[in-house]
């Protein structure tokens, strides 16, 4: 949620920045007109209150002079009734403005590239060498099926499309990756491990920005106002909702493993095969609560933590700075890590690392005090995938495939796999 004071002070400037997102900003325009109406109502209320006070003094004077004041008393009552009606109008306007604020996206940071499509995203750096196979590389779903480690056909029978049934060494690989990532972020990067609920309430989904705009993308529990989480970002960020932290607590860093559930409503026809785009998938999340002046340094740090996973797995990747049109609703700045997928001959997203500044903190009311009796300020929140596990499985299968159909297991994972060195049929 944007700072309403900032919006009122620099409406034209914010509108100009939001227009670079290429989104419908009619809600912002409506906010401007409603806010002006609200200002006019406030002026009218103040005028009426001033008149009521004046009439009250005149009534008192007439009574002291033992003169008739009935006409003024009636006027005072009429004015009070009008004020009461305008107060109700103000209440309704404030509710409408609050709802409009919830639907306005975050303002892009000045360092975010301006662009109209994903083609305008900017490559920041690359790491690792793209493999040069002496054979035609196979897609991960074909490799996994041939090895019997992921069963897509039976998953479709049990549930439907965009689900996977991990089996045997495949299930063990998924678990090994989760443990490896969690150990790395806890032991080496200093994150506190948390295990969140997979169901959250409407207030939590609103706090992190999934609601109200993206409700159709969420899985909702029938007859309960609960939602299956689309990412651990939701429960973990809301861990400190409606709290005032102390400055010495910051930065707070959490890492969480969770299952994630997404309807992929806008992805019809995209990535219908394999592990890239699933309705249910595992992910290790990184969430940080920081002081505002530190948040962009913290974004670089968090992004580096996600990169370290790929480096230790020796998977080639690149870091992209997402342009204004590809930024997402809540972020002021976002990096995507894209891992090399040989069968597609391209890089694919495996992590997004975002700085939301105070956008989520305002929605979730998360503050901190620099001094014990100081004014409470909103924290800045950041999050990133560290990493999406299914996509990491896909990248390992494709980048470590051998001509005979076997898959070499990355060395860093072998202790988690009981010393296993390769997958073979």
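Just so you know, the numbers here start at 1 and follow the chain as drawn.
In case you wondered, yes, glycine gets a Cβ from its N, Cα and C as well.
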If I go by Swiss-Prot, which of 56, 80, 111, 385 binds L-serine at the same site as 231, 232, 233, 285?
385
If I take the Cα of residue 351 (ATP binding site) as reference, which of the binding-site residues 231, 232, 233, 385 has the closest Cα?
385
Site extent for ATP (largest Cα pair distance over 262, 263, 264, 349, 350, 351, 352, Å):
19
Write down the Cα-Cα distance for residue 232 (L-serine binding site) and residue 352 (ATP binding site), rounded and given in Å.
13
From binding-site residues 263, 264, 350, the one whose Cα lies nearest residue 285 (L-serine binding site):
350
Chain-mates of 231, 232, 233, 285, 385 with C-beta within 8 Å of site centroid, L-serine:
234, 236, 256, 258, 260, 283, 284, 286, 287, 383, 384
Between residue 232 (L-serine binding site) and residue 262 (ATP binding site), what is the CA-CA distance rounded to a whole number of Å?
12
